[in-house]
Amino acid sequence: MSDYKSTLNLPETGFPMRGDLAKREPGMLARWTDDDLYGIIRAAKKGKKTFILHDGPPYANGSIHIGHSVNKILKDIIVKSKGLSGYDSPYVPGWDCHGLPIELKVEQEYGKPGEKFTAAEFRAKCREYAATQVDGQRKDFIRLGVLGDWSHPYLTMDFKTEANIIRALGKIIGNGHLHKGAKPVHWCVDCRSALAEAEVEYYDKTSPSIDVAFQAVDQDALKAKFAVSNVNGPISLVIWTTTPWTLPANRAISIAPDFDYALVQIDGQAVILAKDLVESVMQRIGVTDYTILGTVKGAELELLRFTHPFMGFDVPAILGDHVTLDAGTGAVHTAPGHGPDDYVIGQKYGLETANPVGPDGTYLPGTYPTLDGVNVFKANDIVVALLQEKGALLHVEKMQHSYPCCWRHKTPIIFRATPQWFVSMDQKGLRAQSLKEIKGVQWIPDWGQARIESMVANRPDWCISRQRTWGVPMSLFVHKDTEELHPRTLELMEEVAKRVEVDGIQAWWDLDAKEILGDEADQYVKVPDTLDVWFDSGSTHSSVVDVRPEFAGHAADMYLEGSDQHRGWFMSSLMISTAMKGKAPYRQVLTHGFTVDGQGRKMSKSIGNTVSPQDVMNKLGADILRLWVASTDYTGEMAVSDEILKRAADSYRRIRNTARFLLANLNGFDPAKDMVKPEEMVVLDRWAVGCAKAAQEDILKAYEAYDFHEVVQRLMRFCSVEMGSFYLDIIKDRQYTAKADSVARRSCQTALYHIAEALVRWMAPILSFTADEVWGYLPGEREKYVFTGEWYEGLFGLADSEAMNDAFWDELLKVRGEVNKVIEQARADKKVGGSLEAAVTLYAEPELSAKLTALGDELRFVLLTSGATVADYNDAPADAQQSEVLKGLKVALSKAEGEKCPRCWHYTQDVGKVAEHAEICGRCVSNVAGDGEKRKFA
């Protein structure tokens, strides 16, 4: 028997079947770095229209976690897809380097500034620590396959950036948005510093919930208001609070002007409460026998005075819109030094902003004899006992409620009035302008707009000053006596900025005021405060984007971060940009959800459900992590677990196998010489290229809309359904058995070449390592890297006007599916082994029959059977299988007649008819020794 194996065009490629990504990717990264791939891309894209994705700086502390990976991978997918779409899309990664977490780390190791080290030495240690953290995170980000200017990232602690942050503040001051005030701010007693809103987290806390009676100063005036004369005992207005420790700072009681307030007689006294809450309050304080003596509107009680239960002064009733009927009594204890609402209403009524609490959270001397020096949270019980002793406590119980805590210490924080610097939301219309700017931004998902609008509409003035060591100095001089800013503040800030640009922030602390103030130095003092770190990152649109040469003065097109950044970076950037320039710093804002485990639980070391990106890369490779990110809908929570990553690895194998099949069958194909013109190609091959064209349209649309899970789904459908289960199956016969240089085979290879050129580019933004690997095995002249080019433009399809158009092949796909069902059943019944042992007869109604007949003898190649006949639908025998999908089709199967050809495996009647090739069929003889078979359709 002759060996015909050598006459077959068997697939062959050096592209490995197994990805072995964890082993191969580091080598590719080394090549990318040695070649300066990022620089090559920049050179290739020079002069193109720009798309700038501005990197929100992660904090330079600790190792990267799965959330960081999601964020950086999403950014990288966008930057690479924009590059392929013809944009110059530079990516400059950044880090947030100042602030409390770094101070705390340095304190743990070296002690607080001023203990073992001077403040200057402490700052140097902080800078050193941040630099090591940046290096560690940078290695991991690079390992993810993220391309960017990693050699020249921006750091908020770069001297030039520090200087530009000071300049940003100067611009805001110049535009009239800064003011100073003793306002209640979030204060952490452990940090001994004010906190930004974004540094506050909420946890459940148990507090005493108390109802307290404030006795009326003028009892008769109240009786007159309620039009009653018979009242048994004193009259009091009752407040409810869960922060008894704030009562020493009480300066008023707020009531709602439009609520009805009832005078209620209880045992031995009368109390005033919101009428709608009488029943719930009576229940709470355990009173069953009570009488409502009268009611008035809250507005009637304005400015009546009530005695503080233990502080020895009286306080007014005032009117406030913040009073609700959700809980309590309808009368709100008001301490302007301990709450933003209280402060606002206190300003309106000219109340004292009393703050009896020191920075360490203990009462200042002279507050009250039993409270001086006591921690406020320990004081609750003392205050409750005091109220009981004075007969003012109506009720006390323990209550669990959501309470603001420090994001770093996880300990409860307080509102505390301290002298601070604020960016005003309203004195120069910043709130109104910001709300206007929000409307001009595209928010993805679109619910982001309502979220940030509500935050901007309701937020207080932004406290930008901090009492910290490691931060950008505010660089202000204020008059010793008046505390007014120096009249040449902007000029002086620029002078400081120039020095900081050379020597870093230490230049401010080293600065002797005389150097720039001269004789005025004795009248002014340096403000010791540093800027909130959210000011650092929030001003990067100015300190980084406006000055980096690769951005060429263009504003950022996109900011992309986790959904917690509406109140964080998106907010601070919007505030600063609008205050500086009157406009938003971004055109699009995209947010992604948080990572959770397979059961939807938050990642937590204590639960042990965290997924380490480093582990995933070391076991499965970065491309699997990237594919998981892309295939997950980032608009909600992003679930990740070993099982979910295993599914991503399965999808990866399907894509890799498709790419490998294409490469293996392009063996010996030179596009410069062997390409077949579209009009000369086999129709099925043109259909396949058309499938790629349709897929590309969908994929590019999805990339444009940032719907990466749609990209992956469409890519999978193309690989699995259109190619894997139809086209690639059909062409194996022609590809392997046709004459090597025949039009039949070269047509097929031409299609595979076009498909591979498109596929490798679709993959590149997501499966960057694998795309680079595939690129290296593709035939033909090309640039060194897939990332420097654009989407493939060589695709074409069938015209609708052709008889065998897309609709024709869609119907053929259905016919093939129906035939497969019949073959599967026959295999199960042991009637045939493989599909080539079968011959089928298709009983079709006229319209379908005409289509099937048009394929002639090539119909059997589409159906993967050795024989295929078309007959009239009405002639179908009883055992023919009726199609469920195509009503005008029945399928009958019989065992193929003739012998099996050992070369092509088809069963035919003409095996051995040619003496020189007695073992193979006539078609194979033609392909081995003759002119080769001709194919028109399939």
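Each Cβ is built from the backbone N, Cα and C atoms, and glycine gets one as well.
The number of other CB atoms found within 10 A of the CB of Glu561 (L-isoleucyl-5'-AMP binding site), across every protein chain shown, is 21. Marked as L-isoleucyl-5'-AMP binding site by Swiss-Prot on the basis of similarity to another entry: Glu561.
Annotation comment: Swiss-Prot describes Lys602, Lys605 as ATP binding site. Cβ contacts within 10 Å of Lys602 (ATP binding site), excluding its own Cβ and spanning all protein chains shown: 11.
Under the three-state DSSP scheme, Cys921 (Zn(2+) binding site) falls in the coil class. Marked as Zn(2+) binding site by Swiss-Prot: Cys901, Cys904, Cys921, Cys924.
For Lys183 (N6-acetyllysine), the same-chain residues that are 6 or more apart in sequence and have a Cβ closer than 8 Å to its Cβ are Pro340, Tyr343, Thr353, Ala417, Thr418, Gln420, Phe422, Pro460, Asp461, Cys463. Annotation comment: Swiss-Prot describes Lys183 as N6-acetyllysine.
Counting same-chain residues at least six beyond the ends of the motif ''HIGH' region' (58-68), those with a Cβ under 8 angstroms from any Cβ of the stretch are 95-97, 99, 101-102, 105, 130-131, 133-134, 136-137, 140-141, 155, 562, 594-595, 603, 610-614, 640. Marked as motif ''HIGH' region' by Swiss-Prot: 58-68.
For 602-606, the entry in Swiss-Prot reads motif ''KMSKS' region'. When averaged over the motif ''KMSKS' region' (602-606), pLDDT in the model lands at 80.
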Among Cys901, Cys904, Cys921, Cys924, which are recorded as binding-site residues, the nearest neighbour of Glu561 (L-isoleucyl-5'-AMP binding site) by Cα: Cys904
Cβ-based neighbourhood (8 Å from the centroid) of the Zn(2+) site, residues Cys901, Cys904, Cys921, Cys924 excluded: Thr737, Pro902, Arg903, Trp905, His906, Thr908, Val911, Ile920, Gly922, Arg923, Val925
Whole-number Å value for how far Lys602 (ATP binding site) lies from Cys904 (Zn(2+) binding site) (Cα to Cα): 57
Which same-chain residues, if any, lie at least 6 apart from Cys901 (Zn(2+) binding site) yet have Cβ under 8 Å of it: Tyr907, Thr908, Val911, Glu919, Ile920, Cys921, Arg923, Cys924
